[in-house]
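Lifted from TrEMBL, the feature list:
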{"type": "TRANSMEM", "residues": "20-40", "note": "transmembrane segment"}
{"type": "DOMAIN", "residues": "36-106", "note": "domain 'Peptidase S24/S26A/S26B/S26C'"}
{"type": "TRANSMEM", "residues": "139-156", "note": "transmembrane segment"}
{"type": "TRANSMEM", "residues": "162-178", "note": "transmembrane segment"}
């Protein structure tokens, strides 16, 4: 009958108690992942402690698909640091280097100008209309470490959504058909 037939027979033979046990196990896995994410947020001071580099703008330092680990402290941000920032009207955070720090004389607040290492010009064209500088509230965190290529899983699942659904379906089938 083959693997598919055996899988269908296994699904048919599942009892309510077994189904509930597996549903609770799946719920615990999801809950654990959320707890770990929230703990990382607290430990790093960043609302997004891990990001994937999505473009080639930071090459050769970071390549598309690298995972960056972020930390956000009260220490001043300096020129040369790699930061991840959000811009109003853009859904996806941007990973670029701070190239200039500007302190406002009247308030003492510090503003930042960024640029991708692989880009010719600064990021003012990426900022919101009329915005010339980033402010502290735009910064999600500073890069403190990275894992090369691991983020390709995320990129592939984002760009090819069918793969995401196949993976989720396969994992669901694995949970349903696993034996205690």
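Each residue's number is its place along the chain shown, starting with 1.
Note: Cβ is positioned from N, Cα and C throughout, glycine not excepted.
Keep in mind the model is a prediction, meaning the values are calculated, not measured.
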### Query
By Cβ distance under 8 Å, which residues at least 6 away from the ends of the transmembrane segment (139-156) in the same chain are close to it?
44-49, 51-54, 62-73, 77, 81-86, 93, 95, 112, 163
### Query
So what's the average pLDDT for the domain 'Peptidase S24/S26A/S26B/S26C' (36-106)?
91
#### Entry: For the domain 'Peptidase S24/S26A/S26B/S26C' (36-106), residues assigned helix / strand / coil by DSSP
9 helix, 22 strand, 40 coil
